[in-house]
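What follows is one structure encoded as structure tokens, with my remarks underneath.
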Ligand SMILES: O=C(O)[C@@H](CO)OP(=O)(O)O
Ligand SMILES: [Mg+2]
């Protein structure tokens, strides 16, 4: 692509299998530049994956894998990508990502896999940041001219259900949002106070405090209402004002509950299979009965009609409506959402998109159509803290990482503390 002798050009590429927080194989990339700058990045992996995501090449399923399958996927990708990327200019992220897509040659990256491709895309950005001697968030901010960086408001799992817990609540995430905090560090303090209060209360009530995939408590409640009540109680116990200092967010992850054969949502907690209209009534009632400030994926990724009705029913109220599986960090689907008046925010997951440049384009599209953005981790994570820097660099406003209990989550929370310490950055554009 360019002359291989430039200090910022790629000298070598290495892809390997490592383990994620579920103990399952995932991909890590090293990108080495001619001046010795080494960028390393690891990609996460979802459990409640949407069908419009970039394709992740895996070895086996959630509960079973053969052993070296991801190593073979990594090696195959390395063999094709390395010769084409040698000498590429690491500072030209657009070009690198375009070449990665071109080599794969499929729209959803199913040939080489979205996972090795994203790992290289992110590792190249990190190598470029090291080469330019900038913190990653500052380098990434340079890729989005005109965007003001800021520290994001965390949205944090306290209780988990659905595909992440294998017991209890049908809905996947029950989170708290410390919107009244004055700073990121205060927000994090409040979160950990609410989390310990929730643990104490669950113990007092005789429920288990076993943890789910993202470190959220998995008490085995049957009904969503029990989880929501515990959250309200935990916030009150800490002396914080419910709904003002700290409010509640939920991720229904409804695509996991939906059967396209029957067209119904199966809710074990209430012992019923709901039609789209019944589901609309159910989630609307929950949003009106509890101090919920944000709801994600209340309906299936292809069930657009209730999405439209729900969005228009809550228009003008203080409820953020987030599309995760619905938009799959895909500019085309987000554009459709904007035209159809569906949702008011988009969850941003790098591995749903497949490249850094593609993800930044989706965030730009969100800004252009007035949608809020929530940068998000996956349920299977690594110790890589890239998304913390990404959220700051893009002034995303919000971040969803999981609970504050496990190191693969804390690597992001703690990275944000370090960035806060650098000073001069506003908290969520306040
Ligand atoms: O649905 C989600 O928002 C994420 C994180 O909670 O889960 P997963 O990575 O399993 O898709
Ligand atoms: Mg989700």
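Using the three backbone atoms N, Cα and C, a Cβ is placed for every residue, glycine included.
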Mg(2+) binding, same site as 296, 324 - TrEMBL member from 245, 251, 384: 251
Local backbone state of residue 324 (Mg(2+) binding site), from DSSP in three classes: coil
Residue pair residue 378 ((2R)-2-phosphoglycerate binding site), residue 349 (active site, proton acceptor) - Cα distance, angstrom, rounded: 8
Filtered recorded positions, from 251, 349, 379, whose Cβ is under 6 Å from an atom of ligand 1: 251, 379
DSSP-derived helix, strand and coil totals, residue by residue, for the domain 'Enolase N-terminal' (10-140): 52 helix, 28 strand, 51 coil
Cβ within 8 Å of the mean position of the Cβ atoms of 251, 296, 324: remaining residues of the chain near Mg(2+): 172, 173, 250, 252, 253, 295, 297, 322, 323, 325, 347, 400
